[in-house]
Amino acid sequence: MSNVSEERRKRQQNIKEGLQFIQSPLSYPGTQEQYAVYLRALVRNLFNEGNDVYREHDWNNSISQYTEALNIADYAKSEEILIPKEIIEKLYINRIACYSNMGFHDKVLEDCNIVLSLNASNCKALYRKSKALSDLGRYKKAYDAVAKCSLAVPQDEHVIKLTQELAQKLGFKIRKAYVRAELSLKSVPGDGATKALNHSVEDIEPDLLTPRQEAVPVVSLPAPSFSHEVGSELASVPVMPLTSILPLQVEESALPSAVLANGGKMPFTMPEAFLDDGDMVLGDELDDLLDSAPETNETVMPSALVRGPLQTASVSPSMPFSASLLGTLPIGARYAPPPSFSEFYPPLTSSLEDFCSSLNSFSMSESKRDLSTSTSREGTPLNNSNSSLLLMNGPGSLFASENFLGISSQPRNDFGNFFGSAVTKPSSSVTPRHPLEGTHELRQACQICFVKSGPKLMDFTYHANIDHKCKKDILIGRIKNVEDKSWKKIRPRPTKTNYEGPYYICKDVAAEEECRYSGHCTFAYCQEEIDVWTLERKGAFSREAFFGGNGKINLTVFKLLQEHLGEFIFLCEKCFDHKPRMISKRNKDNSTACSHPVTKHEFEDNKCLVHILRETTVKYSKIRSFHGQCQLDLCRHEVRYGCLREDECFYAHSLVELKVWIMQNETGISHDAIAQESKRYWQNLEANVPGAQVLGNQIMPGFLNMKIKFVCAQCLRNGQVIEPDKNRKYCSAKARHSWTKDRRAMRVMSIERKKWMNIRPLPTKKQMPLQFDLCNHIASGKKCQYVGNCSFAHSPEEREVWTYMKENGIQDMEQFYELWLKSQKNEKSEDIASQSNKENGKQIHMPTDYAEVTVDFHCWMCGKNCNSEKQWQGHISSEKHKEKVFHTEDDQYCWQHRFPTGYFSICDRYMNGTCPEGNSCKFAHGNAELHEWEERRDALKMKLNKARKDHLIGPNDNDFGKYSFLFKDLN
């Protein structure tokens, strides 16, 4: 069943209808005052819908709701209708919260300035502004803003924390705040002061309530007929006090009187304390509420409730059709009157006649069953059959009528909510089979019903009505509401590449050509494939579940390490979070402290789980603890330019972290257990290579017929081939270079060529090619001219090694070497023992053999470790590092136009068709290019801010070549 409550569903419908009306040129049929009520109610509904979406952590949709409400407020102003300034202020505050959660600091500052222009002492705006300025590195301005906020709410923990952080960064002395003594008075439930203390500057503004003065009489129209018998018979229903129907959620709103069918009224009697906030009934408030409720007796409606044919008559004059009544829900649901036309018109005659005629067949046995449930705000069924207080819904807005505005639709009868047996409705709530059900059609097919229909790659036809026994072994799909109605095959997601970025369409397919790697291409062939692959990678879509299996993704640590390689270990979190990042393990001499040579933190109290992947570079991925607020999805900011919220972000910051969260959510495994499993995985790998239990696939028979060895990479650059010393701690040259993974190179010699060749690590490209080819420059006997890491093999030996590693899922050169050693074990057991065991035989152990391997600084952008301040400064000032700050592999796919020149305006000569400079022109050639330049500038600014925050850029370094234009706007 759907989790959306009936109240919220009605509100969404009212929003949709309200937007349709104000976008039309039709004049409003009521007075100006009634039109003002209508627009304010629409703004209120958009605000409350935005709040509900915010609680679901859908920031984008929430922003859309708040922005729509603000736009309508501007529209109302043009109609000489005033939306209260307090509501405008709250809309901006809540939109600011969304922007802050998404890391859009420029948007946060823009909205904060608007709010502060309306109310200079708004604490939430001051706090959000300070936080955004802090994230952008403008600490002095941030401190000035939070100082004003601190004076207003000195006890708010978030304000205190931010104030202290900024004071530390600015070098200010942190003063302990004075706390006044408070009188020990018993607080009254619902007391405003108590309530204020429970709200934080981090919270959004609560839902808007309906003000009492907006219960305006409706437009006078010909009234439909009600039966005398309906009035007289329903009058016999006994009425119970409102407090007997619990639990209730009642808003402080224009509470309508309980209008009975005979026109009488029963006022809503409710303690004022409980009219404050229907969502917060906790502790003592709940106890007081329960104590005030009388015992409920099940009241059975008399069997003679409705009998015989109903004669129509005019409505009793004592039964007012107010805006509050016509929009009223069952009393079990918390509700604000919707901005629907049903508030201003009486029910349509045709709908009431349908209702009255349907009552002929209404029996007592059915009434008790069908009057059983309504839906609360949270979607929980509330039993209302014990209550005899019946409030009637209007038959819906005029947009649902076939006679209004020329819109043809089936007439609705909302009385079916109460008299379910009178109007039979088939249940349309079906549990979605997959998360794309709202936008995509996915089906199972086979080679018989999904057949090739043309010469092109995507030429397939689906025969849905063919009579056959479908194997259902092919997933096909298409996007709804698009012109292209053809079904596309959705291939299995490529899993051999450890790729975290967005998927892209194959260039050959996009150019309407045949794919060179047809069927094996790791690029997508259609948008449907991209959408399914993206969800599959996140773990949100399971083909097994869609094809009828149990749908569980049984992740284990072994499976994660097979897919992502590397290992899980514990590092010191304080060192890891330091700016710039430092890498410290547990100290071998003192197990209670970290291995940092200067600041030794308590390791157990500050340890964090980290996934380490050593390839051509070293990549550390922090695995944060999983909790209820974590979202099982990748953070789009982290993928693009680095998330400024860091550990406060609820989204996963790497694919391996996402997989760990999914595993923890399913199994509850702890970080300690993950680290132990990782250690056991590598122990098994060393003890039983090529064990199928560990690698998941048997090593290809007939290992490469080559000799393999490691040499010192630093010496190799100077033309020297130097192997390690017998302890494998340093190279055997006089320089004594450290023998670590990132400082050694592999060389192989084939039996045929009898020549040692250098082997580079396997390319870490997003899309691994089907086969590796020789570099054209090398094949022609020239030197490779490619700037960077050429992904083509530079020798036949390198091509063989890469192909073997790709086909066997081996990413690490060290792992490849270990496998080769194992394959040679039977022939050269003595040599292997001396090479694989680092401390075999009687050796003299020097103190330096056990020296702690520490990394003073680590650049996560380049994957480079630096062991001194001088080396670090040299690295962050290098051109290669600066290019890494701004450049990503996805840039060639994301952008279509030239790189921004720094002049963000359109070329007048180009618009006149006379620009002679072409691509050399410093101005934008068209709106599309200008828009992309502005978007690209914003993305580059975010990357720059992230790099500055992590101290990956020198504080006074403004020399960034073509990127220097970014510094004009930052200071």
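Any Cβ shown, glycine's included, is placed from N, Cα and C.
Swiss-Prot marks one residue of THR210, THR431 with the annotation phosphothreonine, and that residue is THR210. Swiss-Prot assigns the feature zinc finger to residues 857-881, out of the candidate ranges 432-456, 857-881, 932-956. Your range for zinc finger, going by Swiss-Prot and the list 400-422, 607-629, 906-928, is 906-928. Residues 517, 520-521, 616, 706, 748-750, 753, 757-760, 763, 803, 806 of the same chain sit 6 or more residues outside the zinc finger (769-797) yet have a Cβ under 8 Å from a Cβ within it.
DSSP assignment over the zinc finger (857-881) gives 11 helix, 6 strand, 8 coil.
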